[in-house]
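Beneath this line is the structure, given in structure tokens, with notes to follow.
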């Protein structure tokens, strides 16, 4: 009988911990970048192990003569700890837990009731790569909270009550998501020295054009910025020239001026849907010659924007739900076929006054197929 109980205990100890779907999603989200990150300071790594064993989330169980993982890892009460991931979401926490393992790479604290990040909450977490604090009640983050997290790459602060972007963020940060807070201003030195920052998501904040101080993005190489659902009345002119994606949907922009995109010549995706745009000045789109996708749906345009035929790489253009009453035969395609490097894969024109039978078939001569054009209930 004793032998049976002992075997049962060993079986239970060897069982894998249960991961909620949100944890699995977060793990997959950070998997690729984490595997590509050097981990030379990990004392547990063996030089003789293959690449699969060295990855943060190995596809097979770690090698052990007795058990597939440590029986007694240091882990905050109520949390799940595995493969240097500490999963503490949905626990009703009011503060950052103690006893977080020093070698933690990802810390998930979302869906709690944390109001403040204190100076020493992340002290000693020198290997921290991803920190998730979405959907808490944060109003304050201590200026020295990230002093020791010099390897932090992803910081998620969405759905909180922060009135400003935290100061002294790690210079290593590549992705900052601070969606749906109360941020009204981006100060000049907010991103100073953050040369690794590539993604900035800060939609659903009460930010207007005056809230972006001159020089706020000086020296940074951000590729993706989303400031949707804000209070912008025009395209911001002081964003990084390295931008590949700019999403300004659901604002109050009424006009696109000639100089608006002059700084963003590398732009490939532009989101201006659900604004109040009545006019796009001639020549303004010529400043983004590499653009591949433009969203202008749900605005107040009365005509097709000029300059589309000259955009050699444009593949997707959404113009539905506007006030367009006429479409010319050369509004989308160049007169010289060889000028177009990429054919259109999607053109949407439904919910406009223009009738489909009033458009000449040659209007869409540079699309991949008839199904690429959406005219409401009628395809081409």
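Don't overthink the numbers, they just go from 1 along the chain as shown.
Keep in mind that glycine also has a Cβ here, set from the backbone N, Cα and C atoms.
Annotated signal peptide per Swiss-Prot: 1-14, in sequence order, evidence recorded as sequence analysis.
The compositional bias 'Acidic residues' annotation in Swiss-Prot covers 35-54.
Counting residues per DSSP class in helix, strand and coil order gives 0 helix, 5 strand, 17 coil for the repeat 'LRR 1' (103-124). Here Swiss-Prot flags 103-124 as repeat 'LRR 1'.
The feature repeat 'LRR 2' is assigned by Swiss-Prot to 127-148. Panel annotation: around the repeat 'LRR 2' (127-148), residues 26, 30, 33-34, 37, 41-42, 84, 89, 102-119, 121, 154-163, 166-170, 177 of the same chain, lying at least six beyond its termini, place a Cβ under 8 Å from a Cβ of the stretch.
Per Swiss-Prot, repeat 'LRR 3' is recorded for 151-173. Counting residue by residue with DSSP, the repeat 'LRR 3' (151-173) contains 0 helix, 3 strand, 20 coil.
According to Swiss-Prot, the region 'Interaction with TGFB1' annotation covers 166-212, on the basis of similarity to another entry.
Sorting the repeat 'LRR 4' (174-193) by DSSP state (H, G, I as helix; E, B as strand; all else coil) yields 0 helix, 4 strand, 16 coil. The annotation repeat 'LRR 4' is assigned in Swiss-Prot to 174-193.
For the repeat 'LRR 5' (196-219), the mean pLDDT of the prediction comes to 95. According to Swiss-Prot, the feature repeat 'LRR 5' maps to 196-219.
Annotated repeat 'LRR 6' per Swiss-Prot: 242-263, in sequence order. Applying DSSP to the repeat 'LRR 6' (242-263) sorts its residues as follows: 0 helix, 5 strand, 17 coil.
Taken from Swiss-Prot, the feature repeat 'LRR 7' applies to 266-287. Counting residues 6+ beyond its ends, the repeat 'LRR 7' (266-287) has Cβ neighbours under 8 Å at 226, 228, 235, 241-260, 293-302, 305-308, 310-311, 313, 318 in the same chain.
Among the features that Swiss-Prot reports, repeat 'LRR 8' is placed at 290-312. Long-range Cβ contacts of the repeat 'LRR 8' (290-312) within its own chain (Cβ-Cβ under 8 Å, at least 6 residues beyond either end) map to 249, 265-280, 282-284, 318-328, 330-335, 339-342, 348.
Annotation source Swiss-Prot lists repeat 'LRR 9' at 313-334. With a threshold of 8 Å between CB atoms, the same-chain residues lying at least 6 positions outside the repeat 'LRR 9' (313-334) that come near it are 268, 273, 289-304, 340-354, 358-360, 362-366, 374.
Annotated repeat 'LRR 10' per Swiss-Prot: 335-357, in sequence order. Per DSSP, the repeat 'LRR 10' (335-357) is made up of 5 helix, 4 strand, 14 coil.
Residues or ranges marked as repeat 'LRR 11' in Swiss-Prot: 358-380.
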Tally of residues which DSSP labels helix, strand or coil - the repeat 'LRR 11' (358-380): 8 helix, 4 strand, 11 coil
DSSP-derived helix, strand and coil totals, residue by residue, for the repeat 'LRR 9' (313-334): 0 helix, 3 strand, 19 coil
Remote residues contacting the repeat 'LRR 6' (242-263) - C-beta distance under 8 A, at least 6 residues beyond either end: 203, 221-236, 269-285, 287-288, 295
Secondary structure tally of the repeat 'LRR 2' (127-148) (DSSP, helix then strand then coil): 0 helix, 5 strand, 17 coil
